[in-house]
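Feature annotations, reproduced from Swiss-Prot:
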type	residues	note
TRANSMEM	103-123	transmembrane segment
TRANSMEM	139-159	transmembrane segment
TRANSMEM	192-212	transmembrane segment
TRANSMEM	223-243	transmembrane segment
TRANSMEM	263-283	transmembrane segment
TRANSMEM	302-322	transmembrane segment
TRANSMEM	348-368	transmembrane segment
TRANSMEM	387-407	transmembrane segment
TRANSMEM	413-434	transmembrane segment
TRANSMEM	466-486	transmembrane segment
TRANSMEM	501-521	transmembrane segment
Amino acid sequence: MEDPKSDEKFDIGISEKNLDVGFGESSSVDVPVKGRFASFLKKLELSSGPEKENIDLRPTPPDRRHYSALDIIYLWSCNGISASAFRTGTSYMEMGLSPKQALAALIAGNVFIAMPMTLNGLFGSHYHIPFAVQSRASFGYYFNTLIILLRFIAGLFYYGTNVYTGAECVQTILYAIFKSFRSYKNRLPADAGITSDFLISYFVYWVISFPFHLIRPEYLQRFFLIKSISTYIACFAMLIFLLCNVGSHVVWDQPATVSGRSWSWVFMCALNSSVAGFSTLAVNVNDFTRYVKHPKTPYVQMLILPLVAAVSAPIGIVSGVASKIMYGTAMWDPLQIANNWTSRGGRAAAFFMGLTYLVSMIAQNISDNTVAAANDLLYFFPRYLDIRRAQVIVIIIGAWAIVPWKILQNGTAFLAFLGSLSIFLGPAAGIFVADKFKNHHKYDIDEFYNPSGIYRYNKLGLNWRALIAFLCACVPLIPGMAMSINPSITMPDGVIHLYYIGYFYSFMTAFLIYWGLNLVFPAKETLLEEAVYPPKSNAELVDPSTLSGKDKFWYYIDY
């Protein structure tokens, strides 16, 4: 086994041989072409030192840890109040729940998902490494590639669908500024899946959002603050407008349309959906918590996630019910409501509503999708990609190559597949949490970068305990996933009901099996007496027991 303290301790596991595949002597490409291509690749290499260390895969140094507890609050509060988040509560009402029941499902789901997000987030706040590197400890030095690919695929497609929502924001702005834009002539064929005016809106959104993806994640906290404040102001303004027109009792007195045993399973399905909505973040939350100043900062997620659901979900529910009364159609999207404001004053309000949600969608897409997908992508190409280059690739592929408007228009089966990815990400989150308890949160930061170290487990770089736990958790849910993708497939009620609680089942099953296997067959080399951490920041060197009064209060707020 290699010495983890050697000069190669921060090698990320991609060898020179692996990086140069196709350029060896066995290559059939002629020498001139090979030479030009090799020269081109050489120019693309990052200038990160003689050892080709990628700083975005290395532990975040103290001088790049800028996030405080308030910044984490801004980060997640801006997600819960976005335009896409508003649709969730109303979709549960369409399933048959009453407004109060839909709200209860959302809050309960956020309470549950806050636990794995906090526990996995603590890994990032202590060891300051991205999810892609962290996963080596649980799945093995090479088997973690499976989970990274799943997360990358999810982030790529979710980015594209969110760009579509961002385009709706731009469309609302253009409708408000240019009255004639509503009747803009469509010059695209019907099978294009998109109209000319919306394609313009789509392109404008992508161009506006592009520069924000060039900002390194550790410097985005002020952007999240601005977004949170502006969006909450806009949301409460719309809430007041709707309630003044229809009254609060009309909204909350709506009855459920299902009852008995059917209601129970509909409620469980809604509860599972509210949890699964955060399934990607529960896996890769440390892509952001790696930038926090203090190791205890992620604990604020236990409070902020349920609180955001309790504040934002009622606004979406009110929008759906009130819009049906006012306009004759239930509009679960605040942008659709704003598009009905056609008077001079109404268009001004619609402009500010669209602008607010435009900023909101840019922030949400960064925090939910592009940073995570970029971290996953640069993991495979560490010599050539940093977080900025990787984000540029993600936003080009996600916005244009996968053609998200086609998916949203005709891709019902594919959207069902995207929604079912939580049955694979749930086991990953469960295994991460179980691994944290199994190791008593003691890891060796150097070993994460040692290809022959303790987190390799065997010659294959595979932790078989994680493989068994993963398969036991997700395989029983695959028939239900197949049914959701292709409704013509018939399944027994038991299979359907198991799929309705898929995230709960997959998370808990993976957690218990992985925990049990490690009790019976422990990987003793990974059980450390003392943890090995990266260098500590100034915040970590302060002993809060020596502080009192307002100094202690601001210590926890600022750090």
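Every residue, even glycine, has its Cβ placed from backbone N, Cα and C.
Through the fold, the transmembrane segment (413-434) approaches residues 116, 119-120, 123, 134-135, 138-139, 147, 150-151, 153-154, 157-158, 161, 275-276, 279-280, 282-283, 407, 466, 469-470, 473-474, 477-478, 481, 484-486, 499, 502-512, 514-515, 518 of its own chain, all at least 6 residues removed from its boundaries and within a Cβ separation under 8 Å. Note on the transmembrane segment (348-368): residues 75, 78-79, 81-84, 155, 158-159, 162-163, 165-166, 169-173, 175-177, 205, 208-209, 212-213, 217, 220, 223-224, 226-227, 230-231, 233-234, 237-238, 280-281, 288, 334-335, 338-339, 341 of its chain, located 6 or more positions outside it, place their CB under 8 angstroms from a CB of the stretch.
Outside the transmembrane segment (263-283) by six or more residues, the chain places 88, 91-92, 95-97, 101-102, 105-106, 108-110, 112-113, 116-117, 120, 131, 147, 151, 154-155, 158, 256, 305, 309, 368-369, 372, 419, 421-422, 425-426, 428-429, 432, 497, 500-504 with a CB less than 8 A from a CB of the stretch.
Contact counts against the transmembrane segment (387-407), taken as Cβ pairs under 8 Å, peak for 139-159 among the stretches 139-159, 192-212, 223-243. Taking every recorded stretch in 139-159, 192-212, 223-243, 501-521 and counting its Cβ pairs under 8 Å to the transmembrane segment (466-486), the highest total belongs to 501-521.
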